[in-house]
Amino acid sequence: MDLTQIQNPSFLKEMSISELEGLSEDIRKFLIEELSQTGGHIAPNLGVVELTIALHKLFDSPKDKFLWDVGHQSYVHKILTGRAKEFGTLRQYQGLCGFPKRCESEHDVWETGHSSTSLSAAMGMALARDLKKTKEYVIPIIGDGALTGGMALEALNHIGHEKTDMIVILNDNEMSIAPNVGALHNVLGRLRTAGKYHWVKDELEYILKKIPAVGGKVAATAEKIKDSLKYLLVSGVFFEELGFTYLGPVDGHDYEKLFETLQYAKKTKGPVLVHVITKKGKGYKPAESDVIGTWHGTGPYKIESGDFVKPKEVAPAWSAVVSETVLKLARTDERIVAITPAMPVGSKLEKFQKEFPDRMIDVGIAEQHATTMAAGMATQGMKPFLAIYSTFLQRAYDQVVHDICRQNLNVFIGIDRSGLVGADGETHQGVFDISFLRHLPNMVLMMPKDENEGQHLVYTAMQYEDGPIALRYARGNGLGVHMDEELKAIPIGSWETLKEGTQAAILTFGTTIPMAMEAAERLEKAGVSVKVVNARFIKPMDEAYLHDLLGKNIPILTIEEACLIGGFGTGVVEFASENGYHSALVERMGIPDRFIEHGSVTKLLEEIGLTTDAVVDRIHTMIPSKQKRA
């Protein structure tokens, strides 16, 4: 079937099971071929082909609402709703988004990039439906570990209490990104082997009613014996106790079983949870055999061999630099523990996990818990290293404020994927952390200019005992610089002059330092002398350095790959104002006040005007012509 000709899912209504099976093969082939060129979340989508087709066949989207959680499972949904022809642009600038996007299609009713939000949103939609007295199904599809998130459990509790009509699809592939962890995962494991409790209960009631004379009376007591029955037949009754009708487990690749179960769910009042067992990566051997999450989300790859197409790496990944330095220090300090919220592979903690399994803690998709747990460990003299993506640290803001900073606890937060991350887009750009951490009392915030300085700042963080400290580091690789053998502590709040200059100064840090250095060199050739400063401590700032610089009364430009509002540049402006430098000219470059879409980092930087050319132009506008050398 030519998938690019699909306009909407209505064509599925008339298809037989054998035709649907052929469509499944076509979709898997399409995904494998297309994603080999663009990269993307291949394994999660190969696992939900039959489930997605079954949902679109039995329900009526967009009247009926599908909410995908996590949203990277929505590729098949996008194909069935008329977007196959755009897959060549997947996750590229102004191309097809890798997550549901409301502006893309009326079938995308909810946007998800972070996990565990679908049930709360679905509850809101269902309550709105009931208040408006309309009739549509609300169907959140939750999987890839999203059910372990605290927000999802809060929603389950409320939905079950209110008995709201809703069909929750639990897509259980036994993995999130890496293998699932936690007691809830164990509950699901028992349910997978428990058989179909509800089918048995209904059969028993039917048989009881057939008994002459007493059958009706006996059947009337069925509800009273329901608890005993479910404990007899099901080893895990978690969802029933929360107030849901539990259906399953059902084979998520068997159309007959899916149709039977979903039709039953449609006729059931109150909240229903359909437990669907799927195989992550189904139909592509390299993805099927993956047990650690390598094929969860990928770049381009070679279909036949399963080898990834990667540019030759001349420098280590930032995540590896940080995690391996932590590991090196952990070998001589038993107090060091590593904590991750379901991202051991992305944060490059596999080596730490292998060497110190009892000191490596993966809490699952539970950022709030991970953060406060780290705080608890710090109260007992441990040295927790919390490795967390910038975008996911947003979810633990209150815990950072209330539990870490307020108590001034020695927690080292490794803020991975800081700055623009590219293809994952606006839900994942790590551009807000400076603004929401800089204003917190007791917090120290750093970002290195290169991987050598990065390892020294990790050492600095582990030696620091006066409160919380955080290190920002980017997605991708370092610069390939020489790495010192011996680690050293860098004085807290100290900046570094990278290039001397007399007519203007650029204050920056991290990934924008190469941009600043190149701009300064070009300006030097044009007769403009510009100082470049490595402001590696975003907080506290080097106040002595700032006093000296502001006292020279030369234009200052701050550059940051982070949002301008409340950012580093704002801090410099505040310092100048509060210390009486009212004639100082301080201008800022950074991320504007909007969400940044998906695309390559280079393209996105061009789009927002954060380039070497833009820096050169800005400095020229800041320096009066009469001050420029010929």
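Any Cβ shown, glycine's included, is placed from N, Cα and C.
Keep in mind that this is a model prediction, so the values were computed, not measured.
Around Asn173 (thiamine diphosphate binding site), taking its Cβ as the centre, 22 other Cβ atoms fall within 10 Å, counting all chains. Among the features that Swiss-Prot reports, thiamine diphosphate binding site is placed at His72, Gly113, His114, Ser115, Gly145, Ala146, Asn173, Tyr284, Glu367.
Marked as Mg(2+) binding site by Swiss-Prot: Asp144, Asn173. Following the DSSP three-state reduction, the secondary structure of Asp144 (Mg(2+) binding site) is coil.
All protein chains included, Glu367 (thiamine diphosphate binding site) registers 28 other Cβ atoms within 10 Å of its own Cβ. Within the same chain, residues at least 6 positions away in sequence whose Cβ sits under 8 Å from that of His72 (thiamine diphosphate binding site) are Gly40, His41, Pro44, Asn45, Gly98, Phe99, Asp144, Gly297.
Under the three-state DSSP scheme, Asn173 (thiamine diphosphate binding site) falls in the coil class.
Taken residue by residue with DSSP, His72 (thiamine diphosphate binding site) is part of a helix. Asp144 (Mg(2+) binding site) counts 29 other C-beta atoms within 10 Å of its own C-beta, drawing on all protein chains shown.
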